[in-house]
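See below for the structure under consideration.
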Amino acid sequence: TYITEFILLGFGNLPGLQVPLFLLFLVIYMVTMMGNILILVLVVANEHLHTPLYFFLSNLSCLETCYSSTILPKLLTSFLTGNTSISCSSYMTQFFIFAFLVGVECYLLAMMSYDRYLAVCKPLHYLTLVNHKLCLALAAGAWVSGFMISFVITLLMSQMVYCDRSEIGHFFCDFASVTKCSCSDTFLIEVVTSLMSATCTMLPFLFTVASYILIVITILRISSAAGRQKAFSTCSSHLIVVTIFYSTLILVYMLPKTYNLTAFNKLSSVFYTGDTLVNPLIYTLRNKEVKGALGKK
């Protein structure tokens, strides 16, 4: 008998916490939507924020708005109705959008790190090196690359036959969980997925790390403490966002999927989902330009 729908177990083993969890994720969803939409409005409406950094930030805010709307409404509905089933087609659709947005976010964060590298290490050439056309090309490349990688992986997943079991030990559509439900040979798709995932996670991560190594070296060479502090403040918000994003990504996907770590992986995914809430707060509370634009409204 082939499976036509999956059961997202989610937090079903915590029946007494369904209402508190619903309220928690509802707050996360509402604040995330309002925070990211606010950043989009500020960047569009304020000419002082029409810079490469805020162009990429507006892309990031748009991405995180879509990301939250992909996962949280289904989760909130399951808390209210108790219905945790999801059809195979809906599962594939949610996974495609999720993987697509995660890949784009990795590329966007890498581009923002390159922008900060040029701002700190090559300030005199910054305006000539980072122009409007380059920003558009980089952003378009990020969205197209994320789309293509996610499309190929989702297409391979849709070709598998699912007949072993229908229970997914997660609260959203996850690749590792769904392959366990397949009675097809998953070796090829796992190899292809690993290779393609590395192109949209490891490569941007290494690029980001290299950028910040050069940034730190440049900052340490500045003679005055005030100059070092000013240089560091230009990239501190982005550095915090990158650290949180990749830390949770590593906790969710790099740790072994053993039974003892299942609850921990699920908890890490909660923090990963909440990352969309933290990002707008970091950029609004730690950024003078955004706070200045906010104060004028």
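Cβ atoms here come from the backbone N, Cα and C positions, even for glycine.
Given the structure is predicted, the values throughout are model-derived calculations rather than measurements.
Under the heading transmembrane segment, TrEMBL lists 21-45, 52-72, 92-114, 134-157, 202-223, 235-255. What TrEMBL records for 35-283 is domain 'G-protein coupled receptors family 1 profile'.
Ranking 21-45, 52-72, 134-157, 235-255 by CB pairs under 8 A with the transmembrane segment (92-114) puts 134-157 at the top. Mean pLDDT across the domain 'G-protein coupled receptors family 1 profile' (35-283) comes to 82 in this model.
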